[in-house]
Number of protein chains: 2
Amino acid sequence: MSNAGGKPALKVALLGCGVVGSQVVRLLREQADDLAARVGAPLELAGVAVRRLGRKRDTEVDPALLTTDAEALVTRDDVDIVVEVIGGIEPARSLILAAMARGKSVVTANKALLAEDGATIHGAARDNGADLYFEASVAGAIPLLRPLRESLAGDRVRRVLGIVNGTTNYILDRMDSSGASFTEALEEAQALGYAEADPTADVEGFDAAAKAAILAGIAFHSRVTAADVHREGITEITAADVDSARGMGYVIKLLAICARSDDGRSIGVRVHPAMIPRSHPLAGVREAYNAVFVEAESAGRLMFYGAGAGGAPTASAVLGDIVAVARNRLAGTRGPEESTYADLKVHPMGDTVTRYHISVDVADKPGVLARVADIFAKHDVSIQTVLQEGRGDDAQLVLVTHRASDAALSATIEELRDLDIVRAVASVMRVEGDETP
Amino acid sequence: MSNAGGKPALKVALLGCGVVGSQVVRLLREQADDLAARVGAPLELAGVAVRRLGRKRDTEVDPALLTTDAEALVTRDDVDIVVEVIGGIEPARSLILAAMARGKSVVTANKALLAEDGATIHGAARDNGADLYFEASVAGAIPLLRPLRESLAGDRVRRVLGIVNGTTNYILDRMDSSGASFTEALEEAQALGYAEADPTADVEGFDAAAKAAILAGIAFHSRVTAADVHREGITEITAADVDSARGMGYVIKLLAICARSDDGRSIGVRVHPAMIPRSHPLAGVREAYNAVFVEAESAGRLMFYGAGAGGAPTASAVLGDIVAVARNRLAGTRGPEESTYADLKVHPMGDTVTRYHISVDVADKPGVLARVADIFAKHDVSIQTVLQEGRGDDAQLVLVTHRASDAALSATIEELRDLDIVRAVASVMRVEGDETP
């Protein structure tokens with residue numbers, strides 16, 4: 001074993017040896033010399049906690065390192081760094097807390113835990129003076145949390161707009177490029193391993209919502225949990241919606257949006273499908289890639305793009321964090337604590353202001369447009385463009401609004417649905433990333 | 001003045017109050033409360049060194065803070081952090097060294113100095129235990145150096161491919177979108193303030209070469225200077241080149257490319273115009289924006305996009321660094337030192353391997369293609385596609401090669417030029433970002 005500068009090795013305990021964990025094991029082994037040079041001391045794998053000892057792994061793991069007793073591993077006196085890649089709330093939370101209580105540094109990829117109970121985890125890090133790094137929890141390999149926490153620490157973030165779920169981006173990209181239905185595209189994603197057998201967490205937006213909560217908390221120096229996030233999935237997107245968006249020069253993406261309100265006093269955090277112009281940098285994000293667009297007062301518009309999931313990319317982010325906490329331990333210091341001083345509240349979805357694309361099937365007779373327009377006006381929703389297309393007895397109205405609150409739009413749609421001349425409100429989709437006021 | 005946690009203020013000395021410096025002054029004032037909360041202590045502007053006291057500034061500066069004695073300012077006992085935004089080699093270097101000798105933390109945006117004499121600056125930081133941060137030196141507001149130095153510290157970078165000069169990107173984008181000549185596009189860039197009256201540093205690639213040296217050093221943990229960088233500018237790009245690239249589905253960009261050699265034992269660092277496929281994420285980078293594409297073994301393909309220059313964006317990066325060094329001072333620690341342990345050498349341009357697009361005017365008679373192809377074969381340059389187009393007595397041959405060394409390609413071109421049937425080698429352009437082997 002190499003021994004940079006003669007310093008004793010820092011010992012790493014790994015919790016979980018699945019898709020990500022096995023790549024962490026591989027990289028710790030294959031890049032041992034580089035890591036030692038970069039840290040200033042060797043990194044040594046002290047043990048790997050798994051559920052079952054006999055299971056086949058994606059990489060070779062010394063059987064002597066494997067244990068099913070995670071609790072004993074994280075509390076071992078000789079362990080310096082605990083890496084948690086089990087996921088889920090328990091036992092991950094208890095193990096992380098046990099590790100911090102003994103002064104271990106913690107690296108985790110656990111978005112669900114941080115989004116549901118970040119207060120407990122960050123609080124324990126603070127109380128114990130323990131390092132907590134979690135770059136891999138959002139957008140896989142893309143360096144995103146460190147830039148937000150550190151590079152933009154002297155700036156004021158206005159908005160974060162991201163594609164943070166690769167599965168849904170793959171599905172929507174397939175629907176856009178091939179005309180496939182949601183079901184067909186999902187099946188294809190499952191066949192390729194981009195979607196799980198039970199795709200609920202992805203297609204219903206739960207995964208993206210957890211990431212949105214973490215991003216919003218960091219970007220706005222406030223505490224945000226998954227429960228604060230307005231969430232809509234992509235299961236109701238039809239091939240017709242995608243086609244209609246394409247016809248207007250838009251593409252439908254599942255976006256995580258964290259934005260300061262116009263008065264700067266609250267934030268909105270939401271995950272839902274939205275139409276964005278094809279000229280927007282996020283529109284070009286294909287397949288299962290992720291990208292996050294950040295708008296800050298001084299920096300302007302930034303975008304971070306890369307692989308949002310997968311064993312090796314996620315392990316790259318985990319390794320970067322391991323190097324950081326290892327350097328901190330050697331220097332007797334720690335990284336930035338959770339920053340929640342701004343304490344901004346998340347406003348209700350009804351207060352969110354954006355634009356909308358609405359498709360309404362109406363009876364094709366005189367006065368219909370006037371009556372529809374009246375309802376929009378009554379709720380103070382200003383129409384930017386309207387397109388009417390006859391279809392025999394019926395007609396289709398496609399309206400795009402100026403910026404309006406979600407509450408006003410909802411009230412408008414409700415009243416439209418009750419109108420005798422309206423056959424159906426065929427679709428309502430938010431329009432984002434288009435700065436026309 | 002706010003006083004977070006009751007800690008005494010950290011005092012900041014600013015060297016230079018031009019486009020970037022005046023924005024730093026403004027942001028330190030306007031965001032004082034946020035900065036104090038994020039740092040854990042207030043930041044106080046201790047003085048601003050300028051060349052002339054009376055000059056009009058972009059922001060209000062307390063006249064009592066202005067001084068023409070920069071040396072006295074950086075050595076003042078009460079100064080904690082020195083921010084250098086003068087640019088150029090001297091007096092910037094002497095001032096930074098004087099500051100470090102007294103244990104000040106240094107934040108600089110000075111790409112020229114770091115690329116020309118980084119060894120001296122980094123050495124002084126190490127010897128004095130001083131912090132040195134320089135995010136603003138490359139790609140303005142885009143968080144790039146911190147991700148490379150820290151987030152990817154557990155990964156192995158293969159290649160960095162970037163658009164790091166906004167002026168030339170604006171010019172090439174205008175040529176591509178409007179069919180303008182280089183001269184017309186340059187004049188437009190000058191009228192809009194994107195290009196300086198003397199545009200040499202930008203259009204001849206000096207600015208990009210300095211940034212490439214800094215990027216290569218960080219990405220490959222080695223020491224690289226501006227003199228190591230192969231550099232070609234964009235002044236010879238014609239409207240016809242741009243048009244021909246467009247016809248083939250390519251766009252011409254000025255790229256900074258830092259790449260590990262195939263055997264991993266050396267690196268190539270170069271700045272030159274190149275054709276990239278329109279489907280490549282860098283192809284969509286418009287106007288004066290910057291973007292850097294990073295390929296790493298585990299993380300895969302990452303891209304960082306944003307404003308590469310300008311007062312406020314550059315100041316955002318400077319402020320992020322100020323917050324970092326301020327936090328470090330409070331914690332009694334410092335950021336990562338220069339990492340040059342890998343000590344890879346920069347190989348000569350002739351050893352660089354890439355693909356080429358070559359346009360040759362030839363006599364239109366039988367046997368021409370065979371004779372041209374023979375010369376390519378003789379130098380082991382394999383042709384991927386060839387297109388011959390008759391033009392009366394003459395014909396144009398457009399060839400795209402497989403990967404070949406720059407030396408082999410140069411020898412091929414030289415021999416082609418001597419061929420009696422060759423009227424002229426109209427253009428030779430490297431092709432990048434296209435992974436076809």
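In case you wondered, yes, glycine gets a Cβ from its N, Cα and C as well.
All annotation found in TrEMBL is predicted automatically rather than curated by experts.
Feature annotations, reproduced from TrEMBL:
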- A:Lys211: active site, proton donor (ACT_SITE)
- A:Leu15, A:Gly16, A:Cys17, A:Gly18, A:Val19, A:Val20, A:Gly21, A:Ser22: NADP(+) binding site (BINDING)
- A:Lys111: NADPH binding site (BINDING)
- A:Glu196: L-homoserine binding site (BINDING)
- A:357-430: domain 'ACT' (DOMAIN)
Argmin Cα dist to the residue listed as 'L-homoserine binding site' over the binding-site residues A:Val20, A:Gly21, A:Ser22 returns A:Val20
DSSP says A:Leu15 (NADP(+) binding site), in three-state terms, is strand
Most isolated by CB count within 10 A, of the binding-site residues A:Cys17, A:Val19, A:Val20, is A:Val19
The residue listed as 'L-homoserine binding site', DSSP three-state class -> coil
With the fewest other Cβ atoms within 10 Å, the residue among the recorded positions A:Lys111, A:Lys211 is A:Lys111
Counted with DSSP (H/G/I as helix, E/B as strand, rest coil), the domain 'ACT' (A:357-430) has 24 helix, 35 strand, 15 coil
Using a 10 Å radius on the Cβ of A:Gly18 (NADP(+) binding site), the other Cβ atoms enclosed count 16
Surrounding the recorded NADP(+) site, with Cβ no more than 8 Å from the Cβ centroid of A:Leu15, A:Gly16, A:Cys17, A:Gly18, A:Val19, A:Val20, A:Gly21, A:Ser22 and those residues left out, we find A:Leu14, A:Gln23, A:Val24, A:Val85, A:Ile86
Most isolated by CB count within 10 A, of the binding-site residues A:Gly16, A:Gly21, is A:Gly16
In all the protein chains shown, the tally of other Cβ atoms within 10 Å of the Cβ of A:Leu15 (NADP(+) binding site) is 26
Rounded Cα distance in angstrom between A:Cys17 (NADP(+) binding site) and A:Lys111 (NADPH binding site) is 17
Expressed in Å to no decimal places, the gap between the Cα atoms of A:Val19 (NADP(+) binding site) and A:Lys111 (NADPH binding site) is 16
Expressed in Å to no decimal places, the gap between the Cα atoms of A:Val20 (NADP(+) binding site) and the residue listed as 'active site, proton donor' is 18
